[in-house]
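Beneath this line is the structure, given in structure tokens, with notes to follow.
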């Protein structure tokens, strides 16, 4: 079972005199910066000068500067820019500011695990990865609670990398919920697999396959949309709240019997084999290489697939039906 750290394991005093630099002020960046500041810590923010993040961080009262200047000043540098831009930011602006005793920190292990960023041996390299969106990390903190995080240590030059990272986790409030120990490899590989096989790739492909099956059989696209996409949230919310068993206790016996007997025919042995292949491509680095080259080439495949998917009938039908849902309009 995993090792989980709580408040008694986290000593905020270890970083009270340190300067924490946050690279990026987007979904995660704003939450980290504000939570750390509210915990009494010194925080500076680095963004593209004049950009949206720069303006927002300035309006929120932070000292904002370019990444190179921040890298020289900060003792702990948290990389919260998009994964695809981190390697360039590091090479152009962060690397030259690193000196012995500093810590380079990440919220996702991709660039370290796949060698896109190779820090010098004299700095600590750690990860604190909150398991929730940035807005939720901030919200639960202000309510006096916290969101769970993962912690990993890739490089311990100081001999206190884990302790310092745990102090950071306390600064963002994760000590209140629990900080689960992992590795850069495990976090990266499981995160990518979850996205590709289940959360994003698996779910969207399953939804579209169900929708297309009903439409091709002559059913109205609008009804197919309701049954295969719209109602998905109802089921996922139940699973999120209490797990699979809780969800099954909340649905009809007819639905439950169909789940038990038909579900394994949809996700069958062939599906397991394909999932194994997808995991293998993540583990051996071939997916990472493919994605890195795709970005270097200007994303031709990505852009083509994105355009093609946006033209699927399910998008047209969904837009029409969602326009009928007043509660969705209120959220925009």
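Every residue gets a Cβ built from N, Cα and C, even glycine.
Binding site for NADP(+) per Swiss-Prot: 25, 26, 27, 28, 83, 84, 85, 86, plus 134 from the candidate set 51, 115, 134. The least crowded of the binding-site residues 85, 252, judged by other CB atoms within 10 A of its own CB, is 252.
If you draw a 10 Å sphere around the CB of residue 27 (NADP(+) binding site), it holds 13 other CB atoms from the protein chains shown. Taken as a whole, the domain 'KARI C-terminal knotted' (183-328) shows an average pLDDT of 98 in this prediction. Spatially close to residue 227 (Mg(2+) 2 binding site) yet at least six residues away along the chain are 210, 214, judged by Cβ distances under 8 angstroms. In sequence order, 26, 27, 28, 29, 30, 31, 32 are the residues near residue 134 (NADP(+) binding site), counting only same-chain partners six or more apart with C-beta under 8 A. Helix first, then strand, then coil: DSSP counts for the domain 'KARI C-terminal knotted' (183-328) stand at 124 helix, 0 strand, 22 coil. For residue 25 (NADP(+) binding site), the nearest neighbour among the listed recorded positions (108, 191, 252), judged by C-alpha distance, is 108.
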